[in-house]
Amino acid sequence: MPQNGITFNEFEEGAMRSGSIRLAVWIAAFAAMLGSFLLLNALDLSGPLMVRATVQVSGPSPQVRSEATVGVISEVALADRVNIVKSVADVRDPGGARHLYVAVGNPAGDAASWIGHGYPSFNVSMRTVVGRMDELATSDPRGTYYVFDGPAASAVDLQQKLQSQGYRVLVKTSFVGSYAQWVMSRPVGVGLVVVLLLCATLAGGFSLMNAKGYAVQRLQGSGPLMMVARDVKANAVSCMLGACVISIVACSLVAAHNHGAQWGLFGMLSAAIFLTICVGLAIAYGVGFIIAAAQPLLSAVKGRLPRRLPSIAVYCVRIPAIFITIWSVTLLFTAVGNMRNQWQAQEAWRGAGDVAQVHLNPNMSTDEQDAYSRRTGEWLEHAEDEGRMILAHEDDLRFMAPTEGDGETASSTVLLVNGNYLRHQTVRDDKGRRLTSGSKAVKVVIPYDADAAAVKAYEKAIDSWARSHASAYGVPVPEIDYVRGERGQRLFGYGSALPDTPTLFDDALIVVVDNGSGLLSFDDYAAYASQGDALLDDAQYAITSSRQAGLEDFILAVSDAGQNAATHYAQLRSDLVVHGYNVMMSAVVLIASAVAIARIRVRERAQTIFARYIHGWSFARTHLSLVIVESILAIIPSIWFVSQAVLAARRSTVSYAQNNPLLLDGYQPLIAVLIAMTSLAVCLLSTAAYVRGNVRNHAREE
């Protein structure tokens with residue numbers, strides 16, 4: 001019933017008019033500040049900020065003295081009036097500390113001031129020590145250099161100078177593409193896309209739902225520009241005031257976090273994100289305004305909308321919204337699974353002691369890497385003989401053993417370990433006895449629940465693997481001792497340098513092999529070390545012994561594996577919050593678009609729907625086109641994600657990417673179907689609700 005001359009629909013439209021556009025601007029401001037903070041926080045871990053160009057120096061061993069190369073770098077810096085910085089990871093804490101060495105060519109530049117005042121770290125967890133480039137006169141010049149405070153073309157000059165000394169030099173002066181790809185691979189990137197869709201939905205809904213208000217203004221003689229100006233005038237002050245309040249609060253929190261470091265960059269990035277979202281908001285508002293103003297005056301006064309155009313506009317948001325919602329939910333479930341695994345592994349890490357991973361130099365030539373790999377393998381074998389090296393490498397039996405005549409082999413997760421692993425971790429047989437290892441025999445622990453066929457397949461595959469390696473390395477096939485493991489045995493795999501790989505293994509197939517068996521080469525050990533699977537039981541031992549072995553140029557840093565896992569766990573917790581935010585926002589967009597489609601359809605066809613209703617038409621018959629379109633929209637993403645799961649299952653490589661459907665145990669297609677069906681149900685139920693309201697309104701009018 002109308003009250004005080006205002007119907008419920010008019011009140012609802014007035015609320016939409018006064019609130020949705022302001023909310024969109026406030027959300028854009030909040031997302032811009034939060035997104036800028038998260039992006040800069042992550043970028044500062046990978047390298048110093050405000051870089052103009054990067055120079056990657058690699059290749060064969062230098063033909064000139066390091067002092068000469070450092071001198072050339074300083075000469076280029078002075079000639080081009082730029083500051084050139086080399087970043088070197090800290091030997092003992094590569095993930096939490098770094099060293100920056102500056103060749104000063106522009107004393108007025110920011111990088112030059114770092115020598116006296118320190119680097120302004122945006123991410124306070126990264127400790128940065130700054131020195132002069134001259135301090136590297138006796139070090140290997142290969143590595144990564146950054147150009148600051150001058151033209152990016154200086155990197156090309158540096159490239160030419162270093163190439164003349166025999167180095168391989170790669171220069172990068174444009175970062176737009178790589179930054180965009182990096183942003184979209186992170187949770188905050190997904191969040192910004194969701195925010196853009198949400199703000200577009202709010203802005204488009206603001207103008208579409210105000211069709212009656214625009215019609216009244218047209219009756220009063222207002223033109224399009226005047227109507228737009230009136231909208232801007234009515235909302236500009238409150239929008240900007242709210243955005244300013246959000247910005248002030250956010251800036252205060254950031255200043256308290258890092259004392260205002262990189263303040264200018266934070267402001268510029270926040271403004272860029274805010275303006276980008278506002279452009280999308282303005283486009284959505286403009287499209288909605290054009291559609292609302294295109295309706296004939298008499299129909300517009302009654303609150304009706306043109307046919308098809310409003311629905312097409314909403315589907316431009318709704319179609320990507322359903323895919324992004326499925327994507328966001330998938331990433332959330334994956335993040336929850338990864339965090340659960342890391343949380344379960346924390347107790348094992350606490351009992352693992354101080355184990356260290358080595359980080360190898362990627363900038364050497366192929367010949368040098370081959371030579372150093374052999375020396376690294378020798379060093380690791382010696383450490384293994386001393387009981388100081390622990391091997392824990394996850395593999396797949398399909399890739400370990402050569403295929404048989406039928407082209408197939410057994411498939412199972414394999415944990416390849418050495419005897420030192422058995423001394424640090426408790427592994428028991430089915431009788432409860434703790435296992436140990438000899439120096440030459442290979443011991444294979446078969447899962448307790450493996451049936452006779454599986455046991456036979458495992459034995460056949462392991463025998464084939466042992467014969468193949470023995471033949472390749474010219475050694476006799478060692479004795480292989482098969483035992484059955486304890487029921488429900490969970491083993492700790494020490495993680496890996498690869499992201500999001502499992503750390504705990506339930507009833508895994510274990511292969512215990514030492515260097516005395518001859519089945520592992522020096523290159524194998526070096527490869528395991530590069531993956532973080534060959535660990536030393538003490539960081540100081542790793543540094544000292546590797547230096548004694550002449551590997552100081554190849555082993556750049558040694559990190560605490562347990563600390564790395566704790567840092568990764570903290571990052572997963574932080575990412576989980578962003579994933580939850582993404583799911584919530586994307587669900588809001590999807591539901592809002594479903595409700596908008598329902599409402600627009602009823603307003604477009606109000607009289608037709610009422611006429612069909614009183615003639616007894618069924619819901620499906622009345623809204624057949626809507627049911628077909630929404631069903632297609634539900635079926636397409638379902639088919640897409642099912643096909644992706646099938647393709648992922650057929651791949652011959654193991655993937656730990658966050659969007660791999662198999663990480664959710666094959667449930668990603670089911671999640672996609674549930675979200676698509678829920679979206680369909682919300683749309684149809686909303687349509688039914690609006691139809692009932694439309695019928696009641698027409699009945700009152702009659």
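Just so you know, glycine gets a Cβ as well, placed from its N, Cα and C.
Whatever TrEMBL says is automated annotation, not expert-curated.
The feature transmembrane segment is assigned by TrEMBL to 23-43 (among others). If you look at the transmembrane segment (23-43), the same-chain residues 6 or more away from its ends with a CB under 8 A from one of its CBs are 49, 122-123, 183, 186, 188, 191-192, 195, 198-199, 202-203, 206, 235, 239-240, 242-243, 246-247, 250-251, 254, 262, 265-266, 269-271, 273-274, 277-278, 281, 578.
The annotation transmembrane segment is assigned in TrEMBL to 188-211 (among others). Note on the transmembrane segment (188-211): residues 12-13, 16-17, 20-21, 23-25, 27-28, 31, 34-35, 38-39, 231, 273, 276-277, 280-289, 291-293, 295, 300, 303-305, 310, 313-314, 317, 320-321, 324, 327-328, 331, 578, 581-582, 585-586, 588-589, 592-593, 596, 600 of its chain, located 6 or more positions outside it, place their CB under 8 angstroms from a CB of the stretch.
Under the heading transmembrane segment, TrEMBL lists 232-257 (among others).
Per TrEMBL, the feature transmembrane segment maps to 263-291 (among others). Remote same-chain residues near the transmembrane segment (263-291) are listed as 21, 24-25, 28-29, 31-33, 35-37, 39-40, 49-50, 122, 192, 195-196, 199-208, 214, 224, 227-228, 231, 243, 247, 250, 254-255, 305-306, 309-310, 313, 317 (criterion: CB distance under 8 Å, separation of at least six residues from the stretch ends).
The transmembrane segment annotation in TrEMBL covers 312-336 (among others).
Per TrEMBL, the feature transmembrane segment maps to 581-602 (among others).
Per TrEMBL, transmembrane segment is recorded for 623-647 (among others).
Residues 322, 325-326, 329-330, 333, 590-591, 594-595, 597-599, 601-602, 609, 613, 619, 622-623, 626-627, 630-631, 633-635, 637-638, 640-642, 644-645, 661 of the same chain lie 6+ residues outside the transmembrane segment (667-691) yet bring a C-beta within less than 8 angstroms of a C-beta in it. What TrEMBL records for 667-691 (among others) is transmembrane segment.
The transmembrane segment (312-336) and the transmembrane segment (232-257) are not in contact, since fewer than 3 Cβ pairs between them lie under 8 Å (pairs 6 or more apart in sequence). Away from its own ends, the transmembrane segment (623-647) comes close to residues 315, 318-319, 322-323, 326, 597, 601, 661-662, 666, 668-669, 671-673, 675-677, 679-680, 683-684, 687 of its chain (Cβ-Cβ under 8 Å, at least six residues beyond either end).
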